[in-house]
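Annotation source TrEMBL lists region 'Disordered' at 12-37, 316-343. The compositional bias 'Basic and acidic residues' feature in TrEMBL is assigned to 322-343. Here TrEMBL flags 353-928 as domain 'Bicarbonate transporter-like transmembrane'. Sequence annotations record features per position, and here TrEMBL assigns transmembrane segment to 382-403, 410-430, 467-488, 500-517, 611-629, 641-665, 699-718, 738-755, 799-818, 824-848, 893-912.
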Amino acid sequence: MSSYKPAYFRVASVDPSQPPQQPQQPQQHQQQSTTDPAEFVRDLLAKEACCEATSVRPLFCQLDQLNSVPGPDGLSLTQVWREKFRWIKFEEELEVTGNRWSVPYVPVLSPFSVMEARRQLDSGLTLLMKVDSDDGPAAAGGLKCIAEEVEANLVTRLGTDAAEEVKRLLLTRHINFVEKVEDKDEENAGRKTNKKYRKKVHKDAEGCSIMVGAVQTLRAPVSVFVRLEQPLKDEPLMEIDLPIRFLYLLLGPKPSALSDLVLVAKAVATLMTDEIFHKVAYLANSKVELIAGVDEFLKCSSILPPIGCSLTDRIPPPMEKPNTEHRHADQKEPQEPAVVEHGEAEGLQRTGRLFGGLVQDVKRRAPWYKSDFLDALHPQTIGSFFFIYFACIAPIITFGGMLSDATNGYLGAMESILSGLICGVSYALFAGQPLTILGSTGPVLVFETIVFKMCDRYHWDYLPFRWWIGMWTALLLLVTVALDLSYLVKYITRFTEESFALLIAVIFVYEALAKLFKISSDYPVNKYWHPKHEVIVECECLPNDNLTELIPVPPKMARQLPTYRDGNVTVANFSAMDYYSWDHDLFWRTCPQYGGVWVGRGCGLFNVPDVFFFSCLLFIATFFLCYTLKKARASSLFPTFVRRLISDFAVMIAICVVTSVDYIMDLHTPKLLIPVSFEPTLGYTYRGWVVRPFGNNPWFTSLIAIGPALLATILVFLDQQITSVIVNRRENKMRKGAGFHLDLLVVAVCIAINSALGLPWFVAATVLSINHVLSLREESECTAPGERPVLLGCRENRVTGLLVFLCIGLSVFMSPLLRHIPMPVLYGVFLFMGVASLNGMQLFDRFLLLLQPRKNQPDMACLREVKLWRVHLFTGIQLGCFALLWVVKKISLISIAFPLMVLSLCFARKLLDYVFTRNELRLLDDLLPEQKLEETIRLRRRSRMSTAVDLEELAQAEDDEQEKAV
């Protein structure tokens, strides 16, 4: 390692007690010197990191000030050390009243105080004992032995009397904030520690005790910095019980200058809590290395002018941790970018063997299988279970109703519930990434609708034809798994991910609002109502005399309408259709549909305004409570445990509160309708649970099904893998790895089973999966005051998904309880999920830039190196792709092409290589695999060239030194 010649902030300090040093003679092999403190510190940390001889631990710093208090006799004064400041990461000050701590704030230091701290460390006594990394016994002799050693080293500097005074002050009693001041008898006073505050300090942390005071008997300032080989234990120096590794004593001769001494001592404490300097303090072997750490701190510090801030200001802690990577040892040389393609750590490469990727997924996930159940033993998983259960049951029932309308009852709510039980439980038990939630998605609904219309046009049986489509689809997915074709996921960059995720999120928001306003059609509002209006209720459904024959009611509607048998035909019973009833919307549509006509003065005047407006209040209240309570974790109200509990159970609390309000008001709001019996939607009369492969269809329909199966394979593959990519993003910090091949195999098996049983297909639901991950995010519990919790990862487990879909299957038996939940409450949960999934989406953040003036735009990485109009151009292209997906999905005539449109996003991303530079795409999106490989090769060549240049310069420097010596 090179030597350090301080060129920054030189302070001339001469100790008259020491003999003058002789100039060193030049040596033949002299070390290369440097005047850059940052470079020297990086070399020091890199060298010690390789040795791994010293264990650097977090520090807690406490500053005590020398005060005089009445002695035991009440007449004389006794000197004691009284706690004034403390640091974990941010500074806290004991308020003037002495009975409360201030809010944490960023320390504000003057350049004078840091410079003076550097001078005192340079000229004062510094004892750097080699740190023992093992947890051995405490320092032999305790604090008394250390005080004697300090005294022995100070005798030649200060004289005998001053050295004895320093020793006495080191052994003086400390009064901490938690200790009762009334216990004036030092021998009988019991030690009290702040056990509650101890929880906020890292379990392996050590202490740094800083003492500052004014002593008139001294002639010059005294600075003593001690690093112990073995930490002090069971010494009452600090308010929390920690082993003490560092001691710093600063004494001055003038009481009038005490405030300046306190500023210098605070500067030392701030240095000790700095993440780089405190490592230097552990690893330094000489005073020069310690001073280099101070210089590095000064070099990386910023100075605010007096007009912007003063020393008395309390700057609140930053919302996000500042980027300090440039200060670490591993950032000395330009590093090669990690060529981590999508899921490279999870084995997304072609193995060249049949089912090679699947085997790797199983080997990767098998060791974690037991922990997937044990890691669920936490209250947070209970809150996640309730949230995801209600988030899943409502879409399943809703999509079941929509499927029933699209397929004339062949697929309905009961089939969706059973499909959720089979697919959800299977996926939770055997999938590679169990945090992904399966559901019936919009694209699958569009596909089912198109297939049913095709069968209706050619008079084929729907379920047998669908049986063949499902089997072909499962076979094609199995081939995809066998050939490791999931490696194509690495071509799905953030451009494609966020375009698809934004589409699903907007669908959730749009559908939540659309279904809320649909209530106004079921329960109309009379805008022209007046108190003097006459109430007319004369309206009845009569047979239409213009029809020559009765219109039969299909099996699905026969289970909802009053009917009777006329020979072999089931027809509507018009006399039982009451216009002024809660089934008004159903009767109003079906009476003319099946051969009836409404007659009477009151027809068309039905209205129930209180239901719609009260539903709007329930909808808004649910969203507001979910959104507000979910953010309770960052609130300043309530203790940390209570805030965390409220945040984990936010959705459950919102549903319970708003449902209770609806129950008390007792209005006829639309409720969650759960099937009450375990049977197909059409009943056993029209279909069973096992589908015959051909039914009444011709044999060639099995071959025709290959065409729709290809589209279904593309749809399922993209829907499943895009969601898996989003769930396994690096920012989610998954520890157990992914399993793209294994996930796709489980989905293929579930599609085959559901096709044989005549059940809807379930694939990965993007928004539900994102919210499942968000609900299981694990944050650091041991956070310093003022520090934001750090994301540690997710509680990856199989229990939440398993319990969710087990309870969905048992929902038929919980129907009496679930039928009290208003649908507007679940619509509010949908809106919350859609909005929550937008958080952290770069596409959405860049979209907001279009609406913000330049002065109000956030400090985003892409804005630093990419021109604003280029950022807007990239965002516009991405929004155009999103709009195209939306249009294709909404237009039923071309909706069959939706899977191909999603696939085309990957090709659109490839075309962007000709519009944007590689650096712009690196900042706005991800590089494609080929570009990452080229970038890696280029940087490796540059690194080798720079290394060769450094070696050549070092050899030239050694030759110059040898010439000078000669």
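Numbering starts at 1 and runs along the chain as displayed.
Using N, Cα and C of the backbone, Cβ positions are placed for all residues, glycine too.
Most Cβ pairs under 8 A with the transmembrane segment (641-665) among the ranges 382-403, 410-430, 500-517, 799-818, 824-848 are made by 382-403.
In this chain, the transmembrane segment (824-848) lies in contact with the transmembrane segment (500-517); the count of Cβ pairs under 8 Å, excluding pairs fewer than 6 apart in sequence, is at least 3. Against the transmembrane segment (699-718), stretch 738-755 has more CB pairs under 8 A than any other of 382-403, 410-430, 738-755, 799-818. Residues 372-373, 376, 381, 384-385, 388-389, 392-393, 396, 414, 417-418, 420-421, 423-425, 427-429, 434-435, 437, 672, 674-678, 772, 776 of the same chain, all 6+ positions outside the transmembrane segment (799-818), place their C-beta atoms under 8 angstroms from a C-beta of that stretch. Looking at 738-755, 824-848, 893-912, the range that has the most CB pairs within less than 8 A of the transmembrane segment (382-403) turns out to be 824-848. Put simply, of 410-430, 738-755, 893-912, the stretch with the most CB pairs closer than 8 A to the transmembrane segment (467-488) is 738-755.
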